[in-house]
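Annotation comment: TrEMBL describes 20-44, 64-86, 98-117 as transmembrane segment. Annotation source TrEMBL lists disulfide bond at 155-188, 156-172.
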């Protein structure tokens, strides 16, 4: 109407998208912080934080690295998404989007490479598993990870129970003084009464032989 100022409302940021992204990334951020805290706590319990040179002492894989790496990635992503959405910071939002896109690209690339080089990856995986079988008992976190994997997938070593001959405690040589000689971890045993009894008997035989060797 003549004589009255007209107000034009420009484009506005969607509150729904903004606070949905903010809320989801707050949870992501807190989860990343929790993973980091668990990893650092595990290292503190093992004395790694007071002696950083011990990080390289373990012959096998330290599962704490999983918590730390995943925790850092989730913490950084959660921070960028949370603050970027709340403050409407385009730089952090672009960083968040590019980082997620990069992770997705790496996942697709890893899947394609795993299909193309499956034989090489299988050999490397067997080497990795056997290397960690050797380090069983050296680190409680690695031991728990191997036990969980063997129970979950109902397996025993990379190829079979004989893989445990690589471990100094289970090695089945006459010169091995370990009470676990010629045995396998209980996580190798299938949850079947008959098979479990066989495993238990085999471990008992190894204990008896070890005791007799000390007479």
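Numbers here mean position along the shown chain, with the first residue as 1.
Backbone N, Cα and C atoms are what each Cβ position is placed from, and that goes for glycine too.
A straight line from the CA of residue 172 (disulfide bond) to the CA of residue 188 (disulfide bond) spans 16 Å. Of all Cβ atoms in the shown protein chains, 12 besides its own fall within 10 Å of the Cβ of residue 172 (disulfide bond). In this structure, the CA atom of residue 156 (disulfide bond) is 5 Å away from the CA atom of residue 188 (disulfide bond).
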